[in-house]
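Chemist: Take this structure, written in structure tokens, and hold onto it; I'll ask about it next.
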There are 2 protein chains.
Amino acid sequence: MGAGQSDGRPTVAVVGATGAVGSVMIEIMNARESVPWGEIRLIASPRSAGRTITVRGVEHTVRALSPEAFDDVDIAMFDVPDELSAEWAPVAVERGATVVDNSGAFRMDPQVPLVVPEVNGSRVTRRPKGIIANPNCTTLSMMAALGRLHEEFGLRELVVSSYQAASGSGQEGVDRLRAEIEAVAGKQVGDRAGDVAEALAAAGLPEQSPFRAPLALNAVPWCGSRKEDGWTSEELKVRNESRKILDLPELKVSATCVRVPVVTTHALAVHATFGREVSVEQARRSFEQAPSIVLRDDPDAPEGPDFPTPADVVGAEPTYVGRLRQAMDFPNTLDFFVCGDNLRKGAALNTYEIAETLVSHSSVGE
Amino acid sequence: MGAGQSDGRPTVAVVGATGAVGSVMIEIMNARESVPWGEIRLIASPRSAGRTITVRGVEHTVRALSPEAFDDVDIAMFDVPDELSAEWAPVAVERGATVVDNSGAFRMDPQVPLVVPEVNGSRVTRRPKGIIANPNCTTLSMMAALGRLHEEFGLRELVVSSYQAASGSGQEGVDRLRAEIEAVAGKQVGDRAGDVAEALAAAGLPEQSPFRAPLALNAVPWCGSRKEDGWTSEELKVRNESRKILDLPELKVSATCVRVPVVTTHALAVHATFGREVSVEQARRSFEQAPSIVLRDDPDAPEGPDFPTPADVVGAEPTYVGRLRQAMDFPNTLDFFVCGDNLRKGAALNTYEIAETLVSHSSVGE
């Protein structure tokens with residue numbers, strides 16, 4: 001165990017403790033007693049330093065980000081923008097910490113494992129840079145389910161379309177969607193682009209938005225930044241991160257990422273082709289045995305079909321899976337719908353679970 | 001030409017003239033002068049009979065549905081529920097009319113052509129039952145684009161996920177979504193299922209809804225009724241109608257249909273595999289030459305990426321296509337996003353275009 005332990009208990013730091021994901025992280029630490037941390041250190045920008053936040057019943061004062069803030073830290077969980085992670089994660093490592101980073105800065109670095117504990121948790125022990133990356137929230141929302149099926153049936157191909165929540169764009173995204181919904185609600189506002197734009201302007205909303213088009217009463221097929229050949233960064237992340245996590249460098253993937261007017265929880269329609277034959281019954285059994293998956297899939301329930309929707313999953317830790325169908329025209333292929341809270345399993349929770357895995361492997365500070 | 005013509009001009013009837021699609025049909029007849037109809041006859045349920053509606057500057061009194069209402073009619077356009085079409089379309093045919101039916105009653109009948117004029121318009125001449133069917137609105141929203149690509153590159157496989165609008169469930173669906181949006185707007189309503197349900201109950205909304213779950217701030221992966229093996233009626237329509245329209249009985253199709261909180265315009269994320277090599281540039285050229293398709297696809301535009309969203313397409317006649325990408329890992333495969341106004345091209349407009357095609361083939365009443 002690392003240098004910062006007191007009574008054998010490791011010291012953990014939450015970097016970005018006052019942000020949207022950081023706040024969920026603290027909720028999770030309050031709810032989960034799994035790791036008896038020694039010291040809990042909250043770190044944020046100098047602007048937020050000095051604020052107090054109660055964690056596990058004890059009031060903590062937020063410290064400003066500085067090299068010294070990482071002294072004696074065993075595990076530093078980073079929930080900050082890419083450029084801050086790129087700059088500060090190596091500083092934390094140099095001071096002796098193992099970093100679990102939720103930014104995109106290190107995910108595709110071959111010397112940095114990209115970890116979903118229930119899929120490839122053992123990878124936490126091989127971290128030559130002292131950094132472990134947490135996947136992108138869209139990839140993560142389907143990865144527990146896909147990892148499970150891959151283990152049993154051997155994943156070969158993946159065609160996915162996403163239904164992504166506004167909070168994937170942070171608090172700014174949530175605020176924008178809420179304001180847009182308010183602007184178009186109950187006023188007989190038309191649903192043509194011009195009508196919506198007019199309503200948003202009348203409500204005083206700036207034209208500048210985290211989204212590339214109005215999101216209220218709409219669906220916006222553009223998430224992230226533009227990459228080569230018409231792809232978005234989000235779509236390439238789904239492809240590249242899925243390949244890395246599942247250790248399938250040749251996995252065939254096509255993704256179309258679309259933002260929908262949902263506040264929290266990403267959903268994905270998944271068309272997955274396997275190397276071996278797979279039935280709906282086999283897949284259901286597989287999911288039922290997975291502790292981090294909730295199966296809600298009963299099309300023939302007497303009270304009407306049961307399936308998960310994003311609203312059902314907000315605040316929940318597991319991934320919800322439903323609408324399982326055997327593709328009629330594609331051999332060894334399942335179609336299904338999966339929902340994951342993008343702030344929890346998609347971000348804070350998985351980061352925390354990586355930290356838990358590190359502690360249980362007793363490999364911190366080795 | 002048929003018996004009802006006056007001065008060689010055919011008589012047309014709109015059955016269901018006072019419904020949601022019927023109203024759009026009358027808008028279209030006002031906007032399009034393509035066919036100089038002789039008589040225009042508006043027909044609806046006895047409840048709506050006697051109402052007056054102005055078409056092309058002339059006030060028309062709505063007639064009650066009856067066998068005699070079809071006397072001397074050349075073309076009867078039906079926009080009524082399946083069971084009414086099943087009962088009344090044969091009556092209209094018996095009285096001498098050719099029926100263009102927008103219900104699901106006859107679509108898969110092998111003796112009834114299923115027509116999208118720009119894809120298989122010539123099929124209107126072979127109608128042994130005197131009935132031509134208009135496809136389901138979800139299928140229609142992508143069919144102009146797919147028909148175009150199929151003609152050039154030979155379609156083989158289709159994986160689609162839909163983003164379907166509330167108006168696909170009729171005026172009832174629109175009213176419900178509007179009421180739900182109003183109930184959750186601007187009140188710091190949480191986005192968990194329980195919070196939303198509470199807000200809807202507090203706003204006095206009945207639990208009974210056209211949707212299987214709250215739609216505001218949500219996405220509902222269930223459209224239509226339950227069919228075998230976990231599929232919905234909507235998903236099977238996408239498969240079976242695509243096969244029939246494109247005359248590809250072996251076409252491989254998997255569809256996942258999802259309702260989103262959009263009022264009008266269905267969107268689809270399409271992953272289409274062809275028999276021949278296809279590039280984004282070739283596909284763009286193909287779409288640019290199609291009069292019924294608007295291409296909005298410029299990921300590298302200086303002011304930021306350009307693509308269509310449902311709001312851009314409300315009230316528009318063409319199908320909008322964008323986000324064209326060559327699938328990285330699948331040969332001969334394109335990914336794209338397509339939007340079509342489900343009340344226009346998806347319903348009233350295509351029905352009307354079938355009627356126009358009938359007239360231009362001068363085959364009415366033959």
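Counting begins at 1 with the first residue displayed.
Glycine is treated like the rest: Cβ placed from N, Cα and C.
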Chemist: Name the one residue among A:ASN342, A:ASN350 that TrEMBL lists for the same NADP(+) site as A:THR18, A:GLY19, A:ALA20, A:VAL21, A:ARG47, A:SER48, A:SER167, A:GLY168.
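Modeler: Answer, per TrEMBL (NADP(+) site with A:THR18, A:GLY19, A:ALA20, A:VAL21, A:ARG47, A:SER48, A:SER167, A:GLY168), from A:ASN342, A:ASN350: A:ASN342.
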Chemist: Please find, for A:THR18, A:GLY19, A:ALA20, A:VAL21, A:ARG47, A:SER48, A:SER167, A:GLY168, A:ASN342 as listed binding NADP(+), the greatest distance between any two Cα atoms, in Å.
Modeler: 26
Chemist: Please report the number of other Cβ atoms within 10 Å of the Cβ of A:ASN342 (NADP(+) binding site).
Modeler: 28
Chemist: Sort out for me which one of A:ARG47, A:ARG259, A:HIS266 has the most neighbouring CB atoms within 10 A, since those are the recorded positions we care about.
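Modeler: Top count of Cβ atoms within 10 Å goes to A:HIS266.
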Chemist: May I ask which residues of the same chain, at least 6 positions away in sequence, place their Cβ under 8 angstroms from the Cβ of A:SER167 (NADP(+) binding site)?
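Modeler: Within the chain, A:SER167 (NADP(+) binding site) has Cβ neighbours under 8 Å at A:ALA20, A:GLY173, A:VAL174, A:VAL263, A:THR264, A:ASN342, A:LEU343.
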Chemist: Where DSSP helix means H, G or I and strand means E or B, what are the helix, strand and coil counts for the domain 'Semialdehyde dehydrogenase NAD-binding' (A:11-127)?
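Modeler: Residue counts for the domain 'Semialdehyde dehydrogenase NAD-binding' (A:11-127) by secondary structure: 38 helix, 28 strand, 51 coil.
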Chemist: Do any of A:THR18, A:ARG107, A:HIS266 (recorded positions) have a CA within 10 A of A:ARG259 (substrate binding site), and if so which?
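Modeler: If one measures from the Cα of A:ARG259 (substrate binding site), the recorded positions that come within 10 Å are A:HIS266.
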Chemist: Using DSSP and three states only, what is A:ARG259 (substrate binding site)?
Modeler: strand
